[in-house]
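**Student:** Here it is, the structure in full.
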Amino acid sequence: MGDFRPRTVWLGHPEKREQRYPRNVINNQKYNFFTFLPGVLFNQFKYFFNLYFLLLACSQFVNELRLGALYTYWVPLGIVLIITILREAVEEIRCYCRDKEVNSQIYSKLSIRGKILCLTPFCISYFPHFCLVLGSCFLRTDQLDGETDWKLRHPVACTQRLKVMPHLMFLGDDLLQIRSYVYAEEPNIDIHNFIGTFTREDGDPPVNESLSIENTLWASTVIASGTVVGVVIYTGKELRSVMNTSDPRHKVGLFDLEVNCLTKILFGALVVVSLVMVALQHFAGHWYLQIFRFLLLFSNIVPISLRVNLDMGKMVFSWMIRRDSKIPGTVVRASTIPEQLGRISYLLTDKTGTLTQNEMVFRRLHLGTVAYGMDSMDEVQSHVFSAYTQFNDSTINPCGNTTPIPAATKVRKTISSRVHEAVKAIALVHCVTPAYEANGVADQAEAEQHYEDTCRVYQAASPDEVSLVQWTESVGLTLVGRDQNSMQLRTPSGQILNFTILQIFPFTYVSKRMGIIVRDESTGEITFYMKGADVVMAGIVQYNDWLEEECGNMAREGLRVLVVSKKSLTEEQYQDFEARYVQAKLSVHDRSLKVATVIESLEMEMELLCLTGVEDQLQADVRPTLEILRNAGIKVWMLTGDKLETATCTAKNAHLVTRNQEIHIFNSVTTRGEAHLELNAFRRKHDCALVISGDSLEVCLKFYEYEFMELACQCPAVVCCRCAPTQKAQIVRLLQERTGKLTCAVGDGGNDVSMIQEADCGVGVEGKEGKQASLAADFSVTQFKHLGRLLMVHGRNSYKRSAGLSQFVIHRSLCISTMQAVFSSVFYFASVPLYQGFLIIGYSTIYTMFPVFSLVLDKDVKSEVAMLYPELYKDLLKGRPLSFKTFLIWVLISIYQGSIIMYGALLLFESEFVHIVAISFTSLILTELLMVALTIQTWHWLMIVAELLSLACYIASLVFLHEFIDVYFIATMSFLWKVTVITLVSCLPLYILKYLRRRFSPPNYSKLTT
């Protein structure tokens, strides 16, 4: 990662040299003002065929090699380059404007020495530095980790009371006069951890505080509330967001590779034809110059306009996708690969936020002996109400004390107190903060003071936590206030319960749990609450015989399960823990391990309170979309970080696995021998879906990569659970390598970016987890259901249209090259051009360009039919629209038509050579226009306009072409009947063949249209 070292940032030390920071300027441009033109030209001519056409054009400066006017070679090449330069210029200008907008943002620098910034909420788009926070705030991290929920950041405690006034006026012991320093670890790529210390030297005694990620502002985040003062730690290339950014691989479409292969074949044909012509001259004279002249003469065999036509076609396809009203909000970020959408064989999708809505709804509370569903929440509300309400014949008071009561009542009291303890724990063990907003009736300050229910919104780093707190509010125990050190709950009777927050242990993907130690202000009791995944909580709570079974049952229903527990602490126990915990947090080396060890000393024999189950509902129309993809021959794999039972249930619920399909759950394996036995067991299964965990997958790929991928690719569906982001990308890569098929990855979170960038076609869903996946993807959609139309309609049309366009451009070039070959053969293999000057340029531009390019509007079936019969998509997976077979057919058609036109003109002309040019060129133009009409399957009004416009342009230009064509001759009946006969002979047989084929061997789509 470069020469990165730990650093010390000094505050209030004028004698200390100011810390040097890398430049904090964003630059995503590929070129600057001086390198733009050389850079674009270099990128164009580094490819063989562009360089080939440049050499052809340059060769015309040599008299011995010149075949005609210079502009006949330079104008086509110039048009190609101008279009490319304009496209690059537009992209560079857009990139420059985006960079300028970010780099022009203003921040307040408060200190003369050092970098202390004053920041206000939403005054910037994304924060530019990695900073140490000196004041509390919320921040949004959607562009860094994909999560849209607000995260609370805590200040350094000893700077919290320092006063900072507006306009750089400071009162009392102000921030700029303290003598302190920050020790920070070396820059690294870990965005979830930070190790450092803050030391204030002017205190008595000096204050030494530990720093963690909770005390920092990340770069590329937004300050959502509060005005923040921070000390800059990292900038520029040292930012963790920059260090985590890898250049996405440049994706070249399979279609482009196939066209490139065909172009190489054409170049080979060009060389062979040139050599044959020289050989038939018996290599007489300067035969090597003759070879070069023939290479120039037949250069149309390799069409220079092919690349431009395809690129312009891609732009049209991208525009059509963006303009489709049935998939609103769809964005095309990679306009070079729309054809990829028409040939997807494997679709790999995330679960949460992609197949599901990432909107959590509380569904179940389980106490072991009793469970409460959505239809019995009124009983929970009644228990909570009775726990906090004193009746005249009081049996239960808020503290839980009881008076002698009958046995039946005692049972009810036990259940009631258990429910109360569970709800209370759920209301306390979280990182949710209530925020109050003005609603027109009360302003923000008034709403916060009176805890107005209508003005309150909950903010948290996880939607799971918000759903739990909203549920406790619905049953009577409401979170009404929270700051760094305290929390307030309101009971059903309106009483405010105050709790002091002593310690918080945030959730991490490693620990899979979070905890909080609170002191009840009314009783002084200290309680340690914890919630987490059952796999880790099972070893923490006291022994019981129902936890594992009920967790499995709830997971099979598609619920996210959390285990909630508590442990009461004495004052002495807590003081001993706090001393060890603070000491561990001050460690610079192995801090995480030492802190975890101290926390684990508390996590023993905890009392199991309850299980909670929340449901993540499916996105709209997920089931019919998956059915469409399955009928189209696309295999869908679901890669998720969720637990096995939840992932399996979601797969069933979404009909990723059909009802009549068997599911093989791959047992957990840790060794090579276990993996071998499990693979043998799996091999005996047929037509069953596979469910495997990330750990078992890693073992299988380590020892039996080929065998596992071979078996998995035969499955109709695969579910990988507990999958890490790097594993998702690895699976995509292995599918590409092992099958050679095209893959499409779909996701909505920052953890899906690597998978999206690795796939042949990446689709981002703009969801609750932010826009990071959407911005990194090739295509962005707002809902998963739009994927069906994106592939079945736009992907299919883009591929078929590009295939037709490319083959017709090749046909157009081969026709005129065949005519040139016949002409040279008849006239003793002379390297003399048949057409010169404007004729050769006009042929591939104004005379045929518009009709040929109008093929991008052609379609074989309506979009509704393509969606109704996704089986039509299967035909494209074999690459039939553009194959060696279709290429050979078009080559034969080109040779036939070129030969008929040229031999016809030679047989029917009477006296002058210029008549050959007039007859053959006119027949050639008419043949091309008729062939476009023959190829079109569904007429569009623009196609008709293109045909008529091209014909009119040719007729009108005849007046100005007297240098090449006898104007008086073309006005005679002799010219008209000769052209008509030649055109009919070249086209009529093809029309008859097309009719016979549609009559006796119609393609699948024609059966549907009729």
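Glycine is treated like the rest: Cβ placed from N, Cα and C.
So TrEMBL says this about it:
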type     : residues                                                                                                       : note
DOMAIN   : 13-73                                                                                                          : domain 'P-type ATPase N-terminal'
TRANSMEM : 68-86                                                                                                          : transmembrane segment
TRANSMEM : 116-141                                                                                                        : transmembrane segment
TRANSMEM : 217-236                                                                                                        : transmembrane segment
TRANSMEM : 257-281                                                                                                        : transmembrane segment
TRANSMEM : 287-310                                                                                                        : transmembrane segment
ACT_SITE : ASP350                                                                                                         : active site, 4-aspartylphosphate intermediate
BINDING  : ASP350, THR352, ASP748, ASP752                                                                                 : Mg(2+) binding site
BINDING  : ASP350, LYS351, THR352, GLU465, PHE507, LYS531, ARG560, THR640, GLY641, ASP642, ARG722, LYS728, ASN751, ASP752 : ATP binding site
DOMAIN   : 775-1002                                                                                                       : domain 'P-type ATPase C-terminal'
TRANSMEM : 809-829                                                                                                        : transmembrane segment
TRANSMEM : 835-857                                                                                                        : transmembrane segment
TRANSMEM : 887-907                                                                                                        : transmembrane segment
TRANSMEM : 913-934                                                                                                        : transmembrane segment
TRANSMEM : 941-961                                                                                                        : transmembrane segment
TRANSMEM : 967-993                                                                                                        : transmembrane segment
**Student:** Do at least three C-beta pairs under 8 angstroms join the transmembrane segment (287-310) to the transmembrane segment (967-993), pairs 6 or more apart in sequence?
**Tutor:** no
**Student:** Is the transmembrane segment (887-907) in contact with the transmembrane segment (835-857), using at least 3 Cβ pairs under 8 Å (sequence separation of 6 or more) as the test?
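**Tutor:** Contact criterion not met.
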**Student:** ARG560 (ATP binding site): which of the recorded positions ASP350, THR352, ASP748, ASP752 is the nearest Cα neighbour?
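**Tutor:** Sorting the recorded positions by distance from ARG560 (ATP binding site), the top entry is THR352.
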**Student:** Across all the protein chains here, work out how many other Cβ atoms are within 10 Å of the Cβ of ARG560 (ATP binding site).
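**Tutor:** Total other Cβ atoms inside 10 Å, all chains included: 20.
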**Student:** Near GLY641 (ATP binding site), which of the recorded positions ASP350, THR352, ASP748 can be found within 10 Å, Cα to Cα?
**Tutor:** ASP350, THR352
**Student:** Counting only residues 6+ away from its ends, which parts of the chain sit with a Cβ under 8 Å from the transmembrane segment (257-281)?
**Tutor:** 49, 52, 287, 290-291, 294-295, 297-299, 301-303, 306, 310, 806, 810, 821, 824-825, 829, 831, 879, 882, 887
**Student:** Expressed to the nearest Å, what is the distance separating ASN751 (ATP binding site) and ASP350 (active site, 4-aspartylphosphate intermediate) at their Cα atoms?
**Tutor:** 9
**Student:** Select the most exposed residue of ASP350, ASP748, ASP752, where exposure means the fewest other Cβ atoms within 10 Å, treating these as the recorded positions.
**Tutor:** ASP350
**Student:** Of all the recorded positions given, namely ASP350, PHE507, ARG722, which is spatially nearest to ASP748 (Mg(2+) binding site) at the Cα level?
**Tutor:** ASP350
**Student:** Taking each of ASP350, PHE507, ARG722 in turn, which of these recorded positions have a Cα lying within 10 angstroms of the Cα of ASP752 (Mg(2+) binding site)?
**Tutor:** ASP350
**Student:** Over all shown protein chains, what is the count of other CB atoms within 10 A of the CB belonging to ARG722 (ATP binding site)?
**Tutor:** 18
**Student:** Just to be sure I understand the packing, how many Cβ atoms besides its own are within 10 Å of the Cβ of GLY641 (ATP binding site)?
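**Tutor:** By my count, 20.
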**Student:** Just to verify: the residue among THR352, PHE507, ASN751 with the fewest other Cβ atoms within 10 Å, which of the binding-site residues is it?
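**Tutor:** If we count Cβ atoms within 10 Å for the binding-site residues THR352, PHE507, ASN751, the smallest count is at PHE507.
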**Student:** Compute the C-alpha separation of PHE507 (ATP binding site) from ASP350 (active site, 4-aspartylphosphate intermediate), stating it in Å without decimals.
**Tutor:** 22
**Student:** In whole Å, note down how far the CA of ARG722 (ATP binding site) lies from the CA of THR352 (Mg(2+) binding site).
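**Tutor:** Distance between the two Cα atoms comes out at 12 Å.
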**Student:** Looking only at the domain 'P-type ATPase C-terminal' (775-1002), report the model's average pLDDT.
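**Tutor:** That region's mean pLDDT is 88.
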